[in-house]
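K.L.:
Following this message is one structure expressed as C-alpha cells.
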Amino acid sequence: MNLTGSSEIQRLVGETLAVEPYARAQRVEEKVTAVVTVEQDMRYLPATLRAILSQTVLPGTVVIADCSGQTLQSVRTVVDVACAGAAPASLSVQIVKVAQARSFGDAVAKAVRNAQVDTSSRTLWLLHDDSRPADDHCLESLLDAWNNTPTAAVLGAKQLDWEGEHLHNVGAYAYRHGLRTLVVDGEPDQQQYDGRQDVYAVSLAGALIPDHTLASVHGVNPWFTTYRESADFCRRLCLNGKRVVVVPSARIAHRRARYEGVRTADGKPLDDADAIDTSMPVLAASQKYFYTDFAAGWWPLAWILRLVVCLCDAVRQLFRKMPYRGWCMLCMPWIALFNIPGALTARHRMGQQTRVGRRDIGQLVADHHQIAAWKAATREYEDQRTQVLLSPLARAHLRRQRIRRWTYALLAALVAFAVVVAVYWQLFRTAWSADVSLYSDTLLPTGATWDQLVASATTPWVFGTTGTGIPAPPTPWLLVLMVVSAVTGGHVALAVTLLFFLAAPAMTLSFWALAGVVTRSNPVRVLGALAWFALALGTGMFAQADVAMLTVFVFMPAAFAFVFKAVGMYRTEQPVNPRASVQAAALAALLFMPVVAAEPQLLLALVVIFVAFLVFVRRHRMMLVLIPFPAAFALAPTIVNAIRYAGDGMWRQLFGDVTVPLASVDGTPAVRNLTAIVAAVFGMDTGGDDLLAAGWTSTDTVRVVLILVLLAVLAVVAIVALLRPSLFRASHILWTVIVCGILLAMVSGAVAVAASGTGSVAGSTMPGLSLAFAGLICCVCMMAGPAVKAFTPLTDRGARKFHGAAVGRLLISVALAAVTFLCACNGYANAELYGIGVSGSGLPMVAQQYLSQNPDRRVLALAAESNNTVAYTVMRTGRGDLIDSSAAQRVRIAFGNETNTENDELAAIAGKLLANADADAIQDLSDLGFGGIYVVAGNGDDISSKATDQLVANITSSTGTQSVVDNDDGVYYRLTLSSYADQKIDVGWQMRTQSSPWRAAWLWCLVIVTALYIVVAIPRRHTPTAAIDGTSDEGEEA
C-alpha cells in the first residue's frame, strides 16, 4: 500500500501511521477487528484514527470502510507494534471500498465481506468516523467487561459529546414501543450512570460485538436506517434471550454529525451555521421502530390513532416555534403507508427470532416514575441552558434601558397622535358615530354591514357601483378592513375612522421598531419614527384619507424589522446577543399580508428585495423562505386574474388600490424623473420634469423645495453607509429597497389604471416611494451606529469625552428633525386640500330599510350634471360604498373590456329619463330587479339645478313611480310595477361564483395558512426542546 496515495483517505491514514500513535500499546488483541466507516466528510477521521491507534489494547485489524467512492480497490498495510511488556505484534490496516451502503450497519457488513477478515472467529468493534474513543482504555474496558460477562451478545459504550465531557446516553430502555435513555442529553458526565449494566439497547457506535452474534439474529437490518438500526438489532437480541450490556467505563466521544445536521444525507460536510434539520429521517426511522414493535394486525387501528396524535403534535410543534418539525409530523402517517412492505419483512424477521416474552425482560423497561423523573430533570437542565445568566447589575442595566426605550417610543407615538387630532379636530369630534362615514375626494364613504363586507372581501365578484355586478377578484384591502371591523364589533364605517386616527401612533411605533434594528440611539430612533409619520402627513395621506397607504405605512416598517430579526441581523444591548427567530419570520409574514393587500404593486418590488436578502444574508435563509406564503395566498385571486388576463391589460390592476384614482392627485400616465415624482407627492406641480417650472413665488413651493433638499442630504448620508465595511450587508439590502422603490414609483406613474372625463389616470407613485423613504431613513439611522456603551460593572465617573460619533448622531438628528418639521408643516397646509370630511347623509331611511331587507335589492341613484349629462350609480347600501371599489373593474372599463350589458342598459335608462318622461324606461329598470330611484339634489349652480328639476319632473310623470321622500338632499321614488317579493336582481352568476370550489379552496388555504403562522407567531417565554419527547434518543446512531 502506498501510504501517500492519491486519495484523501489514504493520505490521512498515512499521516496518522507516520506519527506512530500506537507506540504506548501494551498488547494487540488479534481477534478484535475495528471497523470504521467514512464518507466524503473526513473532518473527524484523523482524530478517530489517532484515538484507535492510541489504545492500550490495540485491535488486530483496522478496517476502514470507504463509502466516499475514492477507493477503487481495497488496499492493505501491516505495521509492527512493539508492545510494552509483551512480545512484538503486528497491526493490519485495510481500506476497503463500500458502494451504495444504505446505513451504518450495511456499510459494516459490506466492509467485512470485502476485507481480509475471518468473521467466524473475529469480534467486531464498530465505529463511525465521528465517534472516537474518548480515552486510551476504551477497548480495554470493553474487553474486560466481556471477560466478566461472557454471555453478553453486544457490549455498548457510554456516548459523550465530541469533547468527551457531556453525556448523550448510557444505554436505553424500552418504553411504549420506543426507547428512552433516561439520560438528560447534554448534562455533564459525573459518572452518575456508571452503575448500569443490562439495558434494552445500546448504540452501535463504539459497540463490541462478539463472534456469532450477528449471525444469530441475521445481522443488522438496514431498512431501519442509521438512526434506528441499533435499536432494532438490540431488540431482536433481547427478545431472543440474549444480553445487551452497556459498559460505562468505555467512553466514546460521538460528534453525531448527521443527526445534528452538519453532514448531508449523502455524506458531505456542512458548517455548524449551515446545519440542516434532520427531523424528517429521524422521525421516519422512529416510526418504523414503533410499528414493528407489535403485531401487524394492530397496524390499521394504530395508524388511525397515530394520525390524530400526529395532527395534535404538529400543532404543538408550531407553538414551540418548530414549523418544519410540525410539517414532518403531518407527513408521518403517509410515510407509514409507504413503509408497509419493509415493516412486514422486519416484523417477520423479528417474529422468527423471538424466544422470550416482554414480561421476562421487565427490568429493561422504563416505568412511569423513571420517565417522570427524567422529564423533570430534562426541563430543569434546559431552563439552565437556555436562559442567559446575568448579574443583578446587568439586569438592572437592561431594565433601565428598556424603560428608557419604551418611554421614548410612547412619547413619540403620543406626539404623532396629538398632531393628527389637532389638525383634524373637527373630524375627530364627529367621526366616531356609527351613523357617519369618513370620506374624501379619493375615499368613498361606506354604509355597509359586516355581512356585506365579508361577502365583498371573500368573493371573486364585484357587487358593483355599475350594473348588477361582474366577476372580478375582490379588492385585497377589504381583508384588512374586515379584520379591523371585527375589532369594532362589525361597524365598518367606525373601522375606517379607527384606522385613520390610530394610523399615526401605529406607524410611529412601527418605524421605531425598524430603526431599532440598525441603531440603539433613542433620540435617532424617535426622530426617524416621527420623520416617517411626517412623510405620511406631508404627502397628503391623511388629507386624502388614503387608507391603503396608511395601512402600508403602519405595517411595512414592522414587517421589515421582523425580517431582519428573523435572520439575526439586528442590534442589541450587551450582554444580550442577537439570534435568528422563526417566530420573527412568522410575524414578518403576517405583517406583509396587509401591506401587499393594501397596495398589490408592492409585491413586485418585494420579490426583488427578498432575492437581495437571500444574496446578502449569510445564514438562516430558510427563515426568509417562510415569509412570502401568507401574502401570496391573500393576493392569490388578484395575481391569478392579472396573469390569466394579462393580454387584456388586467395586469394593471396590480397598480390600483381601494381608493378612487384622480388625475388631480395621481396625474396622467407619463415617465417622469425622480425629482418630479417626489415633488408631486408633496403637492408641488413641476410642470412636467422641470423643477424650476414651478416657480418660487409661493411659500408652499419654497417649503417643498427645502424638503427635497433635505431628502437629498439624507440620500448622501445613506450613500456613505455603503462605504462602511461594517455596514456592508445591511446597507446593501436597504439600498436594494430604495432602488426597487424608486423604480416601482416610476413604473407606476407611467401605468394607466383608470379612465376619467379628461383622459387616463396613472397609478399611485406612493407605494414605491414609501419603500424608498423607508430604506433612506433606515440607512440614515444606521449611520448613527450602536449608540449604546457596552455594559461594565464598574462605571468610570471621570470626565466624559465628546467623540466624533456623537457629533455625527447630532447632525443626523438635526437633519431628521428638519425633515419632520417641514413635512408636518406641509401636511398642515394641505390638510383640507382633498375634501376630507364626515358624511352623515345618503339614501333616505326608508330606502336603507328597503335595501337591508334583502341583499339582492338595488336602488338606482342619479345626479343630473347638465341638460345632456347624467351620472348614475347602483346602490346596495345607504351610501355609494367603499366596499364596491375595485381596481380590476376600473381597468376593465378603461380599456373597453367591460362585457356587462346591464351597465349599458342603465346608461340608456338614465339618458331617457333625463330627456323626458318614459314609462318604458321605468319598466326596463323594474325588469332588471331595481326597486327605487334616488335623484341627488343639484350642486348649487343653475345648470345642475335646472337639469335636476327636469329629471325629477320626468320621473314623477312616468308611470310606475311613487315619490316617497322629497327633501333638500334629494328625491326618492319607489317603483310600483312589481311586488316587493319580485324586486331583486338576477344573482345566478353571483351565486355560481360564491359556490365555486376555487373560492372555497382559496379561503380554506388562506385561513389554514394564516392560522398556522399565527400559532408560530404567538410569543412563548420558554420553548421546550425535543429532548423531552425523547427524540434526542433517536440520534445515538447518527
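Cβ atoms here come from the backbone N, Cα and C positions, even for glycine.
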K.L.:
May I ask you to indicate which of 327-347, 768-788 is given in TrEMBL as transmembrane segment?
P.N.:
768-788
K.L.:
Name the range, of those listed as 704-723, 768-788, 1001-1018, that has the largest tally of Cβ pairs under 8 Å with the transmembrane segment (524-543).
P.N.:
768-788
K.L.:
Let me check one thing: do the transmembrane segment (704-723) and the transmembrane segment (602-617) come into contact, meaning three or more Cβ pairs under 8 Å with sequence separation of at least 6?
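P.N.:
Contact between the transmembrane segment (704-723) and the transmembrane segment (602-617): absent.
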K.L.:
Which residues of the same chain, at least 6 past either end of the transmembrane segment (768-788), have a Cβ under 8 Å from a Cβ in it?
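P.N.:
Sequence-remote neighbours of the transmembrane segment (768-788) are 401, 511, 514-515, 517-522, 524-525, 528, 531-532, 535, 539, 549, 552-553, 556-557, 560, 571, 573-574, 601-602, 605, 609, 677-678, 681, 711, 714-715, 717-718, 720-721, 724, 727, 730-731, 734-738, 740-748, 805, 808-809, 812, 815-816.
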K.L.:
On average, what pLDDT score does this prediction assign to the domain 'Glycosyltransferase 2-like' (126-338)?
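P.N.:
The predicted confidence over the domain 'Glycosyltransferase 2-like' (126-338), as a mean pLDDT, is 93.
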K.L.:
State the residues, same chain only, that lie 6 or more residues beyond the ends of the transmembrane segment (735-756) and have a CB under 8 A from a CB inside it; answer 'none' if no residue qualifies.
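P.N.:
Residues 560, 601-602, 604-605, 608-609, 612, 652-653, 655-656, 660-663, 666-667, 669-672, 674, 677, 718, 722, 762-776, 778-779, 887, 890-891, 893-894 contact the transmembrane segment (735-756) from elsewhere in the chain.
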